[in-house]
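Chemist: Quick paste from TrEMBL:
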- Thr62, Gly63, Lys64, Thr65, Thr66, Tyr204, Arg216: ATP binding site (BINDING)
- 50-205: domain 'AAA+ ATPase' (DOMAIN)
- 297-369: domain 'Cdc6 C-terminal' (DOMAIN)
Amino acid sequence: MGKDMLMWDETLFKDGNVLELDYLPDHFSHRESQMQSLMYSLRPALRGMRPINSLISGPPGTGKTTTVLKVFEEMKKHSEDIVFIKVNCQMDSTKFAVITRVYQGLFNVSPPSSGVAFIKLFEKVMNYLIEKEKTLVLCLDDINYLYHEGHADEVMYSLLRAHEQYPGAKVGVIAIVSDTGKLYQFDPKVNSVFLPEEIAFPRYNFSELQDIIGGRIDLAFYPNVVMDDVRDAIVEYVDLTGDLRVGIDLLKRSGLNAERRASKTILVEDVEKAYETSRLLHLRRSVQSLTPDEKLLLCLIAENKDVQTGDLYILFHEKTDLGYTRFYDMVNKLSEARYVDADFSGKGMRGRTRIIKPRYQPEDILKCLE
Ligand SMILES: Nc1ncnc2c1ncn2[C@@H]1O[C@H](COP(=O)(O)OP(=O)(O)OP(=O)(O)O)[C@@H](O)[C@H]1O
C-alpha cells in the first residue's frame, strides 16, 4: 500500500460530530449584529420585565436558529428566572402541538395525550409562570409551518395577550421565518400586539462562507486533508444557494467519499460526487415550506420548463379555482425565492410577456416535491 493510501482503520475525520446538523458551533462569527439585536430585545427579562418580541427572517441555512440558541445559551448564565423554549414548528405544526412542547419544557413531562384542550394546557402554563415568577421566552422556529388554518395567528394571539387574562404572566415571542420572498401577514389583531423588533439575516457573502466553512474544516478534519482549492470548490457550491447546511453536508459526504477511495486527501471529484446528493438538501427543505398551491404551481413549471405566464395560468386554473391575481402573486413569490426565473421576453402579441423557467433541474424539483 502506498504512503498516500489510508489504512482501513485510519480516518480523515478528527471530529466528525462537528459536521452533524444539530452541532452548535462554539465559534460563531458574522452574526454579531443580529445577536446584539436579539440580546437587546430579551435583556429586559433579566430585570423581570417583559421582553420585546422579535421577528427573525432570512433564507434557509443562514444561521437564524443558531443565533437564537447561542443567545439562549449566553442568557441562561445570567438568570434562573427565564425559561427558554424553542419549538420547531415543522415538527409541531398545530397550536396544540406547540403548547404541548411548552408544557413539556416547563414540567418535564408530557400532558395527557387525549381529551385535554389547548386552553387547559395554556392555563396550566400561564399559572405556573405567575406562581413561580418566571418569564417565558418562546422561539417559534420555522413559524411558516403554522400558517395553515390560522394556527400561527391563534398561537401568537393567545401568547401575546396572555397577560390580559392571566395578570402577571410574562411571555416574549421570537418568531423565525425561513423565507426570501414577501413575509406572511399576521392577522391585524396579532400585529397590534406583536410589534416585533425585526432582525434580518441576509445570505452570507463568499468570503464569509469561506471563513465559516474553513473553520468547520479545521475542526472536522486532520491537517492537510482539505486543501484551499477543495475548500473553495465547496464554497462555490454553497454560494449557489447560500444555504450553509449544504456546505456542512458536502464536507461530511466528501470526506466519506475520499475515505472510500482510501485517499488521505479530499479531491474536487469527491466534492462533485457528494454534491449530487447534497444539492437536493436545500431544495427539499425549502420546498417543504411552500403552500400546497405554490407546490402545484412549481410542479407545473418544472413539468413544462420554459412556459409563458398566460399558458401557465391556464394549466394552473384547470387544477385550482384561484384567480389571476393570486396566481401572479405566487409566480412572483417563486421568483423572489429563486425557484424560477420570470423574465420578460419582449415578444408576444399583447406586448411583453413573461417566460417562466425553473432555476433547478426540473427532475430535481419533481423529486423534492414527491
Ligand atoms: N456564522 C456561522 N458560523 C458557523 N456555523 C454557522 C454559521 N451560520 C450557520 N452555521 C451553521 O449552518 C447550519 C445552518 O444554520 P441554522 O440552522 O442556524 O440556519 P437557519 O437560518 O436557522 O436555517 P433554516 O431557516 O433552514 O432553519 C448549522 O449547522 C450552523 O451550525
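Note that Cβ sites are derived from N, Cα and C of the backbone, with glycine treated the same way.
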Chemist: When neighbour density is defined as the number of other C-beta atoms within 10 angstroms of a residue's C-beta, which of the binding-site residues Thr62, Thr65 has the lowest density?
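Modeler: If we count Cβ atoms within 10 Å for the binding-site residues Thr62, Thr65, the smallest count is at Thr65.
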Chemist: Which of Lys64, Arg216 (the binding-site residues) has the most other Cβ atoms within 10 Å?
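Modeler: Of the binding-site residues Lys64, Arg216, the highest Cβ count within 10 Å belongs to Lys64.
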Chemist: Going by DSSP assignments with H, G and I as helix and E and B as strand, what are the residue counts for the domain 'Cdc6 C-terminal' (297-369)?
Modeler: 40 helix, 12 strand, 21 coil
Chemist: Across the whole of the domain 'AAA+ ATPase' (50-205), what does the mean pLDDT come to? Round it, please.
Modeler: 92
Chemist: Relative to the Cβ position of Thr66 (ATP binding site), how many further Cβ atoms are located within 10 Å?
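Modeler: The Cβ of Thr66 (ATP binding site) has 17 Cβ neighbours within 10 Å.
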Chemist: Among residues Thr62, Gly63, Lys64, Thr65, Thr66, Tyr204, Arg216 annotated as binding ATP, what is the maximum Cα-Cα distance? Answer in Å.
Modeler: 18
Chemist: Taking the Cβ of Gly63 (ATP binding site) as centre, how many other Cβ atoms lie within 10 Å?
Modeler: 20
Chemist: Return the count of C-beta atoms lying within 10 angstroms of the C-beta of Tyr204 (ATP binding site), excluding that atom itself.
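Modeler: Looking across every protein chain shown, the total is 25.
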Chemist: Please report the three-state DSSP label of Arg216 (ATP binding site).
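Modeler: For Arg216 (ATP binding site) - judged by DSSP and reduced to three states - the answer is helix.
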Chemist: Which secondary structure state does DSSP assign to Tyr204 (ATP binding site), in the simple three-class scheme?
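Modeler: It is coil.
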